[in-house]
Amino acid sequence: MSYSIKPTQISVIEGLIPPIHQKSFYQFDNNSSPYIYDIAATSTYCFISDSNHQITSFEYTNSSLTFAGKLNYHTDTITKLKLHKDQFIISSSKDGRIALWDLRIPSSQPTNVFQAKNREPLLSFDINNSDTILAAGTELIEGDAKILFWDLRKPFLVAAEFIESHNDDITQLQFHPTSDSHFISGSTDGLICSFEVKNFNEDDELIGVINSGSSINKAGYFGPSAEYVYCLTHTETFSLWGLSDINLLCDIGDIRQDRCQGSFIQIDYAIDCQFDFSTNRLYLFAGSNLGNISILHVAINELQLCQTLNDGHSEIVRSVIWNPQVNTLLSGGEDSKLCMWGP
């Protein structure tokens, strides 16, 4: 069964999540003024990647953000930043490398580096749950958009590559949270591919394809058993899919808004989605060009506005990470500002 809602159908819901407000922020100085691209966080530290190809770390509490240090390694745009099992901070870059820092080792240099054979720009990556496979997606170079694989027991060599499934930049790649062999990839060709990798045989191990009809911006698993996939496109459309049979569950359409139940609300773009496993609810984080952040609950037949976070940012917000257990949120954007929000 599939559901479809109109782009303008957003209602207001109160009490679903407790309200939050800005508790602290860090403003980069005018000399560097980097865009903040991505955020990863433990319960006490957060890491941000920026347009100066740097990773900056902060210690934070429920009311403060304190600069902790910088990691300087990449020589080109950092395309993804990920915290893995609260022990490793990992980054991919257009310099063709993935860098891994072990947070238990006090060093500014990465513990391991994984390099594409031909230094293809890397746009996305993930590690499977058992820490045996690292996969990364490349830009389209000389007609090929590749998914590269490293065996983490032999980390210096690319073990395999898939080159047939996508024909444009691979912007998203994510392993299933409980299956070591299942992952999805998303591309600007409009496709989300589902794989079950056993022997690195691309023809046999491509098990499903979602055609979104538009360039993939964000895609990820959600649901109690991660049995569904959400899809956000560069044309700001939003859809939900069943993974087992590639069934369209909900075609939400264009999320851009200027009204909500008769009141003004500005939604210009999607930031990303996050699934709260404690309540089995999916949330969409969206932003305005003026820097406001809207938190929307994704219901079966509508989007429900929980809260809009105003006056934190003044430009486009690139990244949001939310801890629903303690209801704290970190956001970063093109105004060179990292904001922390909480009760």
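Every residue, even glycine, has its Cβ placed from backbone N, Cα and C.
Feature annotation from TrEMBL assigns repeat 'WD' to 71-104 (among others). Note on the repeat 'WD' (71-104): DSSP counts are 0 helix, 21 strand, 13 coil.
Residues annotated as repeat 'WD' in TrEMBL: 310-343 (among others). With a threshold of 8 Å between CB atoms, the same-chain residues lying at least 6 positions outside the repeat 'WD' (310-343) that come near it are 17-28, 32-41, 43, 46, 48, 50, 58, 60, 62-63, 65, 269, 271-272, 274, 276, 278-279, 283, 285, 287, 289-293.
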Secondary structure content, the repeat 'WD' (310-343) (per DSSP, counts of residues): 0 helix, 19 strand, 15 coil
